[in-house]
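Asks: First the structure, which I've put down as structure tokens, then a few questions once you've had a look.
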Amino acid sequence: MLTFQQIASIVQGQVVQSAQPLPVIHLLTDSRKLSQPAGTLFFAIRGRYNDGHKYLEQLYAQGVRQLVVEQGEPGELKHLYPEANILLVENGLEALQKLAAWHRAQFSVPVIGITGSNGKTIVKEWLAQLLSPDEMVVKSPRSYNSQLGVPLSVWQLDQNHTYAIFEAGISQPGEMEKLQRIIQPTLGIFTNIGSAHDEGFTSHQQKAAEKLKLFKDVELLFYCADHALVHEAVQAQGIQAFTWSRTQPADVTITASTSVGHKTIIEYLYKHEKQRLAIPFTDEASVENALHCLSVLLYRHLPLSEIQDRLDRLHPVAMRLEMKEAINGCYLIDDTYNNDLAGLAIALDLLVNQPQRGRHTIILSDLLESGLPEEKLYKQVAELVEARGVERLLAIGEKISRYSSLFRVPAEFYRSTADFLAQFNPARFRDELILVKGARVFGFEKIVQAFQQKVHGTVLEVNLDALVHNLNYYRSKLAPDTKLMVMVKAFAYGSGSFEVANLLQFHRVDYLAVAYVDEGVTLREHGITLPIMVMNPSPDSFAKLRQYSLEPELYALEQLQAYMASLSGTALYKIHLKLDTGMHRLGFTADDFEALFALLRQHPQVQVVSAFSHLAGADEAVHNDFSQQQISKFRAMAAEVEEQLGYKVIKHILNSAGIVRFPEHQLDMVRLGIGIYGVEATGSEQEALRPVSMLKTTVSQVKHISRGETVGYSRKGVAEADKTIATIAIGYADGYDRRFSNGIGHVLLHGQRCPLIGNVCMDMCMVDVTGLQVKAGDEAIVFGPQLTLVELAKSIGTIPYELLTNVSARVKRVFYSE
Ligand SMILES: *Cc1c(COP(=O)(O)O)cnc(C)c1O
């Protein structure tokens with residue numbers, strides 16, 4: 001454990017106050033990302049848009065006790081933060097970088113540094129995936145590649161890792177040297193040079209030379225020799241290289257490349273031997289990215305069959321370009337990631353390469369950060385758009401509009417996104433492929449949303465505003481220092497785990513919980529940094545658990561032993577203890593305690609962050625006595641845990657119903673589940689919550705049948721009179737329960753309740769719409785504000801939890817805020 005004095009000497013700061021010895025586990029620069037105050041060191045950094053010093057008081061109030069500041073008079077700082085360790089430095093960002101560089105130097109594993117104008121993040125993600133069968137890889141989260149992102153990425157390195165992959169991005173001269181000192185790469189990948197962030201540089205040569213500074217000490221640099229600027233710069237510096245090329249002899253010399261279906265077959269010479277591989281992509285950018293990865297795999301002497309096997313499993317990285325179904329048979333390619341010419345070319349390439357037919361439309365904002373004079377820039381844009389066969393351009397922004405005369409494809413110009421939305425008419429888009437590409441400031445998400453709102457077929461609409469409303473409702477019942485854990489297990493109760501988790505992270509809940517390790521990994525891969533508890537970790541997933549900084553719930557002695565046996569090194573490992581107080585599902589009992597504490601004492605690196613139990617009957621008043629007994633038992637057991645361990649743990653027992661029924665027992669934390677999704681489990685305060693999800697489908701066909709005829713399988717639906725029936729596109733495979741068959745269930749059509757007739761089929765079911773003017777294509781609501789989950793669950797003898805989590809994965813989730 002680093003002491004505060006050591007940190008002070010590493011970052012060369014002045015110790016204003018050293019109040020208490022505390023571990024430094026998290027480095028924090030964004031006050032909104034605070035999760036565990038006790039182990040956090042906060043760096044107050046002054047940025048272009050914000051100043052970390054503004055949040056010191058708030059963080060101190062939240063329990064942060066270690067601060068690095070750039071300003072403040074020592075006496076005053078001590079007065080304001082009497083219990084804090086405080087370091088005064090000249091520059092907070094530099095201090096953070098120094099600490100990260102020091103941390104990096106403690107490890108001797110191979111570290112790949114990646115830079116280049118495009119493809120950094122994808123190459124990083126892919127390589128991590130390709131190497132994961134043999135290595136424990138740590139990598140930069142998303143595109144954490146800046147002066148701030150790199151130190152935070154590198155700080156993740158711990159004893160468990162055998163391999164590291166970090167990306168570095170710069171926008172000005174002088175920056176790469178700093179990143180090099182932090183990453184200290186032993187191997188390098190230089191993807192390419194394009195025009196992103198041109199403004200800071202006088203020439204592309206200068207930019208290439210600057211980027212190359214990342215690789216000054218690498219043993220080997222991987223790159224494509226066809227990028228002349230890169231090639232010349234590398235040769236000039238005499239860096240040891242591993243190259244691939246389509247045009248000249250190289251370590252990997254590509255001799256042929258043909259696309260067949262969705263694949264590209266590559267033939268190449270490697271060590272005088274002809275080899276052949278299939279890359280599961282056809283667009284140029286993906287093939288280039290895959291070839292960088294291939295070079296690394298060849299260098300590692302992987303057998304060809306194994307390489308093929310791993311390449312086959314690559315899939316597009318969603319964070320940059322997202323392909324989405326949209327209104328009227330359209331597809332959207334949503335690319336708001338970068339906004340330069342090279343990025344536009346890549347995105348247009350993808351557009352050209354899509355198998356769908358139909359018109360190609362592009363919605364494009366002003367290009368920022370291109371480094372070109374405006375007229376020249378838009379001339380090039382116009383040429384590019386024309387050359388790639390775009391059939392309609394919808395351009396948004398004052399600058400691009402100014403150069404409207406340069407564009408020869410059919411085009412419309414709008415001054416702003418709001419302007420575009422005001423004139424938006426969905427009927428003008430049909431069966432086309434639409435590339436949406438805008439700089440972040442243009443907020444093109446709103447456009448994407450407009451295209452997605454009316455999705456045909458069966459969709460589960462999730463109202464994010466309602467979710468936040470419910471979150472705040474439960475929060476209002478908590479004492480200010482009670483922590484909040486939100487359960488996002490089972491795909492966030494069916495609502496979409498990553499989207500919900502992202503919102504919760506933004507709204508600063510303290511903890512998330514999932515059932516299985518894979519669910520936690522998915523969240524991490526989508527950039528969720530909140531602490532995550534995993535309730536049912538299996539021994540074969542322990543390594544992965546730590547690789548992704550997930551915290552296990554441990555509930556049995558053998559399981560805890562297995563967990564401890566899997567540990568190596570001296571890092572701090574956080575666990576949560578589940579105590580059985582009467583649910584009799586999972587958990588330690590008092591009988592286990594002696595052995596439990598003996599084990600914990602033998603493994604001081606294992607830190608119990610929390611102890612908790614679960615109420616068996618909080619939703620029903622008849623069980624109040626039993627719940628109270630569980631709570632008292634838990635209090636006693638948890639006290640014993642703390643006494644035996646000699647330190648405090650977070651204690652928690654209340655679920656959603658418990659928060660409503662026993663607010664006086666919220667202890668240190670509560671675990672909110674179904675309530676946030678809009679169902680108040682005790683039933684007494686349902687009015688206070690807003691329904692979050694609405695399941696909708698459409699009418700496929702309308703029929704008129706005569707008295708005595710039957711409907712559906714087994715001829716169960718018998719028409720006792722002449723009837724009009726509608727077939728709707730939802731069945732039990734979508735999670736629509738078969739128990740709703742034959743009049744038990746209803747759906748809403750034109751606001752009217754229509755009973756089911758006949759049995760629910762796999763993909764559809766029939767409803768009685770006699771007397772209504774229903775037609776094919778009409779919307780049917782399966783559940784929502786007017787037809788509640790509570791009511792529906794009751795009608796088939798189940799609980800809302802089951803209906804929500806049953807909505808199958810093939811049902812599209814659409815998220816919206818009002
Ligand atoms: C699912 C779960 C919760 C949340 O329960 P709700 O009734 O949905 O609030 C809390 N604790 C544990 C251990 C759970 O498994």
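Residue numbering: from 1, along the chain as shown.
Keep in mind that glycine also has a Cβ here, set from the backbone N, Cα and C atoms.
These came from TrEMBL, pasted as-is:
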- LYS489: active site, proton acceptor (ACT_SITE)
- LYS489: N6-(pyridoxal phosphate)lysine (MOD_RES)
- ARG585, MET762: substrate binding site (BINDING)
- 692-816: domain 'Alanine racemase C-terminal' (DOMAIN)
- TYR713: active site, proton acceptor (ACT_SITE)
Asks: Quick check for the class: what is the C-alpha distance, in angstrom and rounded, between MET762 (substrate binding site) and TYR713 (active site, proton acceptor)?
Replies: 11
Asks: Rounded to the nearest angstrom, how far is the Cα of ARG585 (substrate binding site) from the Cα of LYS489 (active site, proton acceptor)?
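Replies: Here the two Cα atoms are 17 Å apart.
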Asks: Radius 10 Å, atoms counted are CB only; among the recorded positions LYS489, MET762, which position scores highest?
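Replies: When each Cβ's neighbours within 10 Å are tallied, LYS489 tops the list.
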Asks: Please classify the secondary structure at LYS489 (active site, proton acceptor) using three-state DSSP.
Replies: helix
Asks: State the Cα to Cα distance, in Å, between TYR713 (active site, proton acceptor) and ARG585 (substrate binding site), rounded to an integer.
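Replies: With distance taken Cα to Cα, ARG585 (substrate binding site) is 40 Å from TYR713 (active site, proton acceptor).
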Asks: What counts of helix, strand and coil residues does DSSP assign across the domain 'Alanine racemase C-terminal' (692-816)?
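Replies: Going through the domain 'Alanine racemase C-terminal' (692-816) residue by residue, I get 23 helix, 48 strand, 54 coil.
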